[in-house]
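Quick notes on the structure that follows.
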Amino acid sequence: FPGLADVSISQDIPVEGEITVPVGSQSPDDDYSTLDEPVKDTIMRDLKAVGKKFVHVMYPRKSSALLRDWDLWGPLVLCVSLALMLQGGSADSKDDGGPQFAEVFVIIWFGAVVITLNSKLLGGTISFFQSLCVLGYCVMPLTVAMLVCRLVLLAGAGTVSFIIRLIVVGAMFAWSTLASTAFLADSQPPNRKALVVYPIFLFYFVISWMILTFTPQ
């Protein structure tokens, strides 16, 4: 620009205004760290998060809560509780049914891992631990069914007892299957949903069969 070479700016012209960098108002939560909070607050926050996930399972609907804030604490508690209630049944072993705890624990976690790998191989968009979280939390209805069956068996084992247990286990099996598919089905390609739902059906069916055939020693 040759014309700009002849332009001179007087040094006496004052520069008005303020040269400042706008900084947004910083909320107190920006500097908040979970490392500085009391242990009680941390535990209560985690318990509330687990409780909300239980509510989502008991009232299954399309929601990203289980997928967004996944954790494995709830599935671990449910798995241990179910294994403890199944322990002591009439099994092949005669020493108080001890091996059943490990069997139930392995079946639940190994089955969840296999279903997750199957989902990933079929092109699912859900992550590995998100799938484990959903499958683990959806064991909750079957855990409730196991508790009801133990209470029914206290009154004695007979035809009426078996019918009641069959109805309860069947209803909770359907609940677990529907709840898990409500969270996982949308993460799969439309033409492969059946290939994902079928292993989930078998997974909860095996757990339901263990609960239905349970007879205390």
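Backbone N, Cα and C atoms are what each Cβ position is placed from, and that goes for glycine too.
What TrEMBL records for this protein:
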- 57-210: domain 'Yip1' (DOMAIN)
- 70-89: transmembrane segment (TRANSMEM)
- 101-122: transmembrane segment (TRANSMEM)
- 134-156: transmembrane segment (TRANSMEM)
- 162-184: transmembrane segment (TRANSMEM)
- 196-215: transmembrane segment (TRANSMEM)
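Same-chain neighbours of the transmembrane segment (162-184): 57, 60-63, 66-67, 119, 124, 126, 131, 134-135, 138-142, 144-145, 148-149, 152-153, 196-197, 200-201, 204-205, 208, 211-212, counting only residues six or more beyond its ends whose CB sits under 8 Å from a CB of the stretch.
Counting same-chain residues at least six beyond the ends of the transmembrane segment (101-122), those with a Cβ under 8 angstroms from any Cβ of the stretch are 75, 79-80, 82-84, 86-87, 128, 131-132, 135-136, 139, 184, 187-189, 192, 195-196, 199-200, 203, 206-207, 210. The average pLDDT the prediction assigns to the domain 'Yip1' (57-210) is 80.
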